[in-house]
Amino acid sequence: MADDREKSTDQMKLWKEGRGSQRPDVLTTGAGVPIGDKLNAMTAGPRGPLLVQDVVFTDEMAHFDRERIPERVVHAKGAGAFGYFEVTHDITRYSKAKVFEHVGKTTPIVVRFSTVAGEAGSPDTVRDPRGFAVKFYTDEGNWDLTGNNTPTFFIRDTLLSPSFIHSQKRNPQTHLKDPDMVWDFWSLRPESLHQVSFLFSDRGIPDGYRHMNGYGSHTFKLVNAQGQPVYCKFHYKTNQGIKNIPVEEADRLAATDPDYSIRDLYNAIANGNFPSWTFYIQVMTFEQAENWKWNPFDLTKVWSHKEFPLIPVGRFVLNRNPVNYFAEVEQLAFDPSNMPPGIEPSPDKMLQGRLFSYPDTHRHRLGANYLQLPVNCPYRTRVANYQRDGPMCMHDNQGGAPNYYPNSFSAPDVQPRFLESKCKVSPDVARYNSADDDNVTQVRTFFTQVLNEAERERLCQNMAGHLKGAQLFIQKRMVQNLMAVHSDYGNRVQALLDKHNAEGKKNTVHVYSRGGASAVAAASKM
C-alpha cells in the first residue's frame with residue numbers, strides 16, 4: 001500500500017507537500033540567469049551540430065563533470081544526523097570546557113556514522129568497525145570527537161596507519177579484497193588481537209547505527225579552571241539497547257538492502273523516534289597513569305571500569321535529518337585537533353598522528369577553506385586569525401584587517417588564559433618498539449569473562465570463516481597468536497580451519513621469514 005511507504009521512500013513527495021501552494025521557482029543557470037528550454041540543446045538546424053554559445057548546455061555539463069570530490073580513504077560510506085548535547089551531571093572539577101559548564105546546558109551537534117574499509121557504495125551490514133564521530137558546535141570553537149563503536153583499535157603506533165589501511169583495502173593488482181593481505185598484517189602485528197576479537201564477535205555487525213555504543217577510544221586530557229589536569233576516555237552508550245545482526249541476515253541485507261543502516265537512521269528520525277546516547281567519562285590521575293600496569297595511552301587496551309568507573313556527564317539526541325546529503329554529510333569533516341580550552345591531547349601515539357592526518361586529508365578532499373563550509377564552520381564563535389585567500393574563500397576574507405602578526409593596528413591578539421597546560425615528556429628521543437607490550441592479557445579477559453559460551457563459539461566460527469581464505473602459513477601464525485591468548489581460543493579456531501581446509505586443499509607457498517612482533521613472545525614476558 002502507498003500509505004505504508006517509509007519516510008525515506010517518500011522524500012520527494014514530502015518535499016513537494018512541504019512547499020504547499022508555492023509555485024515552482026524559475027529555473028536558472030548557476031549564475032541565476034533564467035532558462036527558457038531545458039530539454040533541447042541549441043543546434044544549427046534540427047540535425048545540425050551543437051553551438052558553443054549554448055551556455056545552458058555548457059553550464060550544466062561543466063558542473064556535472066565536476067560533481068564528484070575525492071572519496072574518503074576510510075569511512076567512505078556513512079550517514080549523518082543533527083541534534084544536541086545536554087549536560088546532566090557536573091564535571092567542572094575535571095574540565096573548564098564551556099560545553100560542560102553547567103547542568104542543563106545544551107550544545108548543537110552533528111554526528112556521522114560510517115563503516116570503515118568499504119567504498120561509498122559498499123553494503124552497510126559488512127563485518128567492520130563503525131565510525132561514530134561527533135562535532136560539538138561549542139561557544140569556544142568546534143570540538144570534534146572522532147570515535148568508533150569499539151573502545152580499542154588494531155594498532156598502537158601511528159606509523160603503521162597507512163600500511164594497516166592498505167591491508168584492509170583492495171589488492172593493488174587484482175583490485176579484489178584479499179584475505180592474505182588482511183590476515184598477514186594482523187598476524188604479524190598481534191597488538192591487533194583485541195580489536196580483531198571484538199570485530200569477529202557478535203558486535204562486529206551492529207543492527208544499524210542506533211543500537212551500538214560509541215567510544216572516543218583515545219586517551220585525552222581534561223584541564224579544570226585551576227589548571228589541574230587528568231587523563232580521560234569518552235564513552236557514549238546507546239539508549240536504544242545493543243542489537244546485532246546474525247551473519248546470515250547480514251549477508252541477506254547486503255544483497256537486498258545495502259543501505260540498511262542509512263535507511264534505518266533516516267526513517268527513525270523522520271518518524272520522531274529520536275535516537276539518544278548517554279555520555280560518560282573515565283578519569284585517571286597523572287599519578288595513576290605513572291603507576292598503572294599498562295601504558296594508559298595504548299589504543300589497543302581498555303581502562304578497567306572497576307578501577308576507573310564510568311562518570312555520567314550528559315546525553316546527546318539526534319532529532320534532524322540532513323537537508324542535503326552532499327552539503328551536510330559528504331562535506332562534513334572531523335578533526336581531532338579541534339579541542340576547545342579544557343580538552344587537550346594526551347601522548348597517545350595514534351591520537352598524535354591523527355591530529356595531523358585528519359585535517360590534512362580534509363584539505364586534500366575539500367580544499368584549504370573547508371572550515372568555511374556551513375557544516376564545518378564554528379558558527380557559535382567568531383573566527384579571527386591571519387589566514388587569508390586560498391581556493392573557494394567564501395566569506396569576506398576578514399576584510400581590511402591586517403594579515404600579519406604581531407601588528408600595531410588592533411587586530412586579533414592572543415589571550416594567555418587560553419594557553420595549553422604544561423606537561424612533562426621524556427628527554428630520550430628514539431623510535432620505541434612497543435610491538436610486544438602484552439598483547440594478550442586483556443584479550444584473554446575478553447574471551448573468558450566478557451563473552452559467554454555461545455558468544456565464544458560464534459566468535460571462533462566467524463573468525464575461522466574469514467581466516468580460511470588466507471594461506472596456510474598465515475593461518476598457522478594467527479592460530480599461534482590465539483593460542484598465546486588462551487589454548488581454547490586457538491584450538492577452536494584451528495579445529496574449524498582443519499574442517500575448512502579438508503574441503504579444499506590449499507596451495508603450498510614458500511615464504512621468507514620476517515622479523516615481527518610475536519604474541520607468544522609477549523605471553524612469555526608475563
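Note that Cβ sites are derived from N, Cα and C of the backbone, with glycine treated the same way.
Proximity of distant same-chain residues to the region 'Disordered' (1-29), defined by a Cβ-Cβ separation under 8 Å and at least 6 residues beyond the stretch ends, is recorded for 35, 38, 55-56, 59, 263, 266-267, 270-271. Residues or ranges marked as region 'Disordered' by Swiss-Prot: 1-29.
Residues or ranges marked as compositional bias 'Basic and acidic residues' by Swiss-Prot: 1-22.
Taking Cβ-Cβ distances under 8 Å and a sequence separation of 6 or more, the neighbours of H75 (active site) in its chain are R112, S114, T115, V116, G131. Annotated active site per Swiss-Prot: H75 (among others), in sequence order.
Per Swiss-Prot, the feature active site maps to N148 (among others). Contacts of N148 (active site) defined by a Cβ separation under 8 A and a same-chain sequence distance of 6+ are given as V116, P129, R130, G131, F132, G214, Y215, S217, in order along the sequence.
According to Swiss-Prot, the feature NADP(+) binding site maps to H194, S201, R203, N213, K237, W303, H305, K306. Residues within less than 8 Å, Cβ to Cβ, of N213 (NADP(+) binding site) and separated from it by at least 6 positions along the same chain comprise N149, H235, Y236, K237, T238, I242, W277.
The feature heme binding site is assigned by Swiss-Prot to Y358, with similarity to another entry given as support. Counting every protein chain shown, the Cβ of Y358 (heme binding site) has 18 other Cβ atoms within 10 Å. Mapped onto three states, the DSSP output places Y358 (heme binding site) in helix.
Separating the Cα atoms of H194 (NADP(+) binding site) and Y358 (heme binding site) is a whole-number distance of 24 Å.
The maximal spread of the NADP(+) binding site, taken as the longest Cα to Cα distance among H194, S201, R203, N213, K237, W303, H305, K306, is 23 Å. Around H305 (NADP(+) binding site), taking its Cβ as the centre, 11 other Cβ atoms fall within 10 Å, counting all chains. Shown in sequence order, N149, T150, M212, I242, N244 are the residues of the chain, 6+ apart in sequence, with a C-beta less than 8 angstroms from the C-beta of R203 (NADP(+) binding site). Take the Cα of Y358 (heme binding site) and measure to each of the binding-site residues S201, W303, H305, K306: the nearest one is W303.
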